[in-house]
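Visitor: First, the structure itself, so that you have it in front of you.
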């Protein structure tokens, strides 16, 4: 089986970049890091797992919120160090409550001109404090 090239080293951990994309619309939902163990769990379960560089641990997307990502297809780039997971997103992908983490549009001078997406859930109702 071909595996990603986990060439990015952060906090001593070998990682690759993972992009979650809506399998129907092509909308980019989020970008995260993934290590070999999280990649293997993702392939085995067909549910997205990532590696948190701030918590130094694997996390199952939706473990706390229930907003999981069901894997439909996996793509590797030419260097095999970036992965696209084409997913069926259940609920929102972003911890802010938005469907996608990419909901801010910037003007030419870099100012946020709009948040063009309504929230699909209230984070205060989902995440423990």
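Any Cβ shown, glycine's included, is placed from N, Cα and C.
From Swiss-Prot, for reference:
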{"type": "BINDING", "residues": "77, 79, 81", "note": "Mg(2+) binding site"}
{"type": "BINDING", "residues": "78, 94, 101", "note": "Zn(2+) binding site"}
Visitor: 77, 79, 81: which of these binding-site residues has the sparsest Cβ neighbourhood within 10 Å?
Guide: 79
Visitor: With an 8 Å cut-off on Cβ distance to the 77, 79, 81 Cβ center, who else from the chain surrounds the Mg(2+) site?
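Guide: Neighbours within 8 Å of the Cβ centroid, excluding 77, 79, 81: 4, 5, 16, 76, 78, 80, 82.
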Visitor: Non-local Cβ contacts of residue 101 (Zn(2+) binding site) (under 8 Å, 6 or more apart, same chain)?
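Guide: Set apart from residue 101 (Zn(2+) binding site) by at least 6 residues yet with Cβ under 8 Å, we have 29, 30, 31, 93, 94.
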Visitor: Would you say which of the binding-site residues 78, 94 has the most Cβ atoms within 10 Å of its own Cβ?
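Guide: Per the Cβ count within 10 Å, the most buried is 94.
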